[in-house]
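Novice: Pasting in a structure now, in structure tokens, and then I'll have a few things to ask.
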Amino acid sequence: FFFVFFQCSVRGMEYVEDSIHLLRDSVMRMDMYDWAAWLGLFYVVYKQIVTENRVTFEAHNPVREHKDRVMTGVFYVPFVSLATFRVVNVMRLFLMIMIFQGMGEYIQIMFLDRNNKKNPKPYQFSAMDRIVQFLSLLPSVGFFFSFTLATTLLYMTIFFIIVIYLLILIFSPQRKKVEMKEFYKIALYWFGIMWIAWPLSHAIIVLVSMKIDGVPYGRIMLVMVLLISWTSDVAGFYVGKKCGNTKAMPHISPNKSVEGFIAQVVLGLSAGMGFCFAQSCGVTFLPPMAWFHYLFIGLAVPVFGAIGDTVESFIKRMGGVKDSGIFFPGHGGILDRFDAFLLACPVVFYYALYFITDGPASLY
């Protein structure tokens, strides 16, 4: 519809009929899988509009939390798989929603009122907060076209944050005195961009342009990383909950245990070798990689995923919150669900780019 509006404004109303026919033909070519993917995205957008994705301070009911975890997985695992394989544009938009909402969760954690946790009030986003959320989408848009453009937009995003924030400080009539702590927010905004928006944007370039010997395998690579990340994270959660006696980092996250981390690594390696075995048995949609590449991916995803999980737990501990949000019932917020993926995706991307593919020349 935006395309129709744009063309009408440029070429006049005579373009309306052709544009409507083009839109109608595109809709008529959609099969039930396409409709299912778009309806799933509309549900995600609807949740974003009607759900107040706020941080939480208290633990949830374990029985209800387990039920919500299962129901969330029943919807999102098929939806992400379907969108990745069948409707790439749906997956692109879904990832951009995750970036936008993830930055919102991060901003709430860093800037909320820590003196009112017993009766917390919803965080009131400032104009600068919203501007940073929208600016965080620029690198992901750049990845639609080229790695160079995405890098350029990343630098522009960092520069725009400085300029816009300083302009707000200078021309704000409510500020009589500017303190040094106001400039700390710039560094916090930057950290959010580099920790959330930039790594998660790599999923888009993996999705649209990762090729091995000229054949696109980005979609299955992305699904592999997501499945290994989520399943190993779930394995670490339940094993650590049932058998976790040796605390890994009690000063950061009391629930993290050595047993849970071992379960993550074991399941990640098992999943990686399982994909390798399936590819050797003739499953053609899996990338034709040597066994040690599958082994590395199966090891790197849970290891760097655990590091990403620890970083998110550390930030939540500083903010004094239990969950970063309520976007995924039973799992928490977007940062709670994608914390492992934030570091695992760029690591797998750059490893595949320089050790599996033909390098940056193979992109796009």
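One-based numbering along the chain as shown.
Quick reminder: no glycine exception, Cβ is built from N, Cα and C everywhere.
Per TrEMBL, the feature transmembrane segment maps to 93-111, 131-147, 153-171, 183-208, 220-240, 261-285, 291-308, 340-357.
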Novice: I'm a bit unsure how to read this: which one of 93-111, 183-208, 220-240, 340-357 has the highest number of Cβ pairs shorter than 8 Å with the transmembrane segment (153-171)?
Specialist: 183-208
Novice: Let me spell it out: take the transmembrane segment (261-285), skip the flanking residues so only those 6+ beyond its ends count, and list any with a Cβ under 8 Å from a Cβ in it.
Specialist: 220, 224, 227-228, 231-233, 235-236, 239-240, 248, 291, 294-299, 301-303, 305-306
Novice: Give the nonlocal contacts of the transmembrane segment (183-208) in its own chain as ranges (CB under 8 Å, at least six residues past its ends).
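Specialist: That would be 84, 88, 91-92, 95, 98-99, 102-103, 106-107, 110-111, 128, 132, 135-137, 139-140, 142-144, 147, 150, 154, 157-158, 161-162, 165, 218-219, 221-222, 225, 311, 335, 338, 341-343, 345-346, 348-349, 352, 363-364.
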